[in-house]
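The structure appears below as structure tokens.
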């Protein structure tokens, strides 16, 4: 019998005696039932584990279970590489999840790790790091894109406009939009389309959630359905690839990748503003989160409450929403109103 435990082909084998029977079982259960996690979460977990395991091998450390002092050194290594605080926190978060799901204490529960994260945040802020967010795709942007593309007869333009309309209207994540099938669409008495979403990143329920489309966005989606032929099979995904000859390729088995949907945002931004510069910086064009950010900001401007915004976007963390809308009141904050009142 081998004295090594392999949990994944891309991760180093573990000595069996390094953990208890219960921890080993929990760890194997987690990798066996990986479909319980979103595709994005699982990819990030594996990416972090590979990075962490490679660092451990290079520095003669044990990758699992992780020692707090080793995690501390790893986080400082990430900082030295120039990674942003948010990225470093994501690495720690995935290591936390790995240990918690295995029935072990989270590395961040240790004093060594929690203190070094405070240190990293302080040092990075003092060095001039500022939190970045996806470039917002707001109502004015959507209206501009629609005015440019709504009269186009190109199948790709019709698809892209319908996708952007749904993304902004519903605040769904692009992976959630990719999973929409024709059979998930129904009609309200007022003629609006109603999309049934079986699961989201924060909601897994047989009841799902319903997202109503405005009449304007409904027309954009109707046009796409008409020219694409996706309605021929109710099991077809709503959005599909468009061949080089300009003809849609409906499919009930192959959904558009999130990268392809990201590309729609990027291509649309390029259409309006031209190519990105060569600085290599992120968020210089619209991305998969842009519509969610833009819609949240537009709702905040319109006086929609934070709980309502969170419900619309499926957010469970208020800090995420506050980060999206953080600069909206820069010219209308309480002290500005107080000082300028009567001027």
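Start at 1 and count along the chain as shown; that gives each residue its number.
Using N, Cα and C of the backbone, Cβ positions are placed for all residues, glycine too.
What Swiss-Prot says about this protein:
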type	residues	note
DOMAIN	18-103	domain 'Core-binding (CB)'
DOMAIN	130-338	domain 'Tyr recombinase'
ACT_SITE	173	active site
ACT_SITE	289	active site
ACT_SITE	292	active site
ACT_SITE	315	active site
ACT_SITE	324	active site, O-(3'-phospho-DNA)-tyrosine intermediate
Other CB atoms within 10 A, centred on residue 289 (active site): 20
Tally of DSSP helical, extended and coil residues in the domain 'Core-binding (CB)' (18-103): 66 helix, 0 strand, 20 coil
Nearest of the active-site residues (173, 315, 324) to residue 289 (active site), judged by Cα-Cα distance: 173
Pairwise CA distance, residue 324 (active site, O-(3'-phospho-DNA)-tyrosine intermediate) versus residue 173 (active site), rounded so that it is a whole Å: 15
Rounded Cα-Cα span from residue 173 (active site) to residue 292 (active site), Å: 8
Most crowded position, judged by CB atoms within 10 A, among 173, 292 as active-site residues: 292
Least buried by Cβ count (within 10 Å) of the active-site residues 315, 324: 315
